[in-house]
RNA sequence: GGAGAAAUGGCAGAGCGGUCGAAUGCGGCAGUCUUGAAAACUGUUGAGGGUCACACCUCCGGGGGUUCGAAUCCCUCUUUCUCCGCCA
């Protein structure tokens, strides 16, 4: 969430930049400012009342000690009224703070200056493209057909065991999946990220910290019995490592990577465009995540983008990078680059990574700070990105690497799979 | 799942219902000393709100209560530890 002092100091810019998301935030911003004003006034009134009560209590204590019980009792009378006032003020303050927070939760992050305005995902800006699109033989198939042909992914079996969107990977399909996970983790570790294994269920506070709660709980599976949520991405447990943490400046930057299954309800999305591996309720993803000094978070974002590029170059998959427009960028993000792999057999681009800088938006919720050079606590910047999301990479490999003899395994993966072809 | 014990500042660890934001030790930071370092000594060292800056207010796991007054008493939740049961 945005910081109130920031909103106050940059009111016009905030409104102008939120317009990039097609939001007219004028009223919300003005309400925030006036609620905050209200908050401070009420707080001051309350504080004065409490100060008076404290003084009275001390006097009463002193009077009792010196044996003047009668005078003490007289003073007690005065506290009754005071208690009533402070109680009312406390309630009023709580209401104001709640209203203020509810409002702040509704305001998305301020887009970076480079984010293009736009009304649909069509307006995302392609900034880079690399890799040759293979020319496939005439009988080339989409990946769900290939999965069936080589018996490596069983969607029907998943339907039986769980339901739609929970595929079962079999034999070389399962092994290829594991190979990709291991490969990505190794590459990320080489690039300086520390590997973590994280919980797959998170509590409410964690969901809140990264912004999935309170508004987007519909995205997550909820275990009501224990009030826990299945993670939609490793970003949630990963970033919450740093909830309520004050780092030393010297500890920055921090980079971590982790593989987790991800669970998403994806309510309401059905149809041809979600066939096969294109959109699942459970999928695997390797994530990279950073905590950065504000002064270099955009440099860090560039480094993350450069790193993800190397993975795709190594896999020899044709890809492009999009700078998301205001209509498509996530609620918590200031700037997001999406990576898409070209799926030849489907003749379409598949999103396989999303790399974002959240600036202080998450840190503010998380209370993730570092002690800066002046010895003051300052919010850090958080960033994360997929490196990479498995199913669509798998789809890309199956489709782009298919030959009449079978699916050729990309060279860099062979040490991990132990085989060179799926046939 | 059952029975007990506990939860205090970066860590360890005191704390009688009033003067406790909290002793003490360690650690951290600054300084003295030293060619430099160590040791020793001196000082300093939680977070949030508020203010131009002070003042002032809040926070001793979370929430609620008793009281003029709560880290201290009561209720409740959570977590941790020990024992039992179950178990990869």
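Placement of Cβ uses the backbone N, Cα and C atoms for every residue, glycine included.
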Have a look through A:124, A:384, A:400 and flag the one TrEMBL assigns to the L-serine site that A:233, A:264, A:287 belong to. A:384
DSSP-derived structure type at residue A:264 (L-serine binding site), helix or strand or else coil: coil
Of the binding-site residues A:233, A:264, A:287, which one sits closest to residue A:353 (ATP binding site) when you measure Cα to Cα? A:287
Can you check which residue among the binding-site residues A:353, A:354, A:384 has the largest number of Cβ atoms within 10 Å of its own? A:353
When you look at A:264, A:265, A:266, A:351, A:352, A:353, A:354, which the record names as binding ATP, what is the longest CA to CA distance in angstrom? 19
List nothing but the one residue from A:264, A:265 whose Cβ has the fewest other Cβ atoms within 10 Å; the candidates are the binding-site residues. A:265
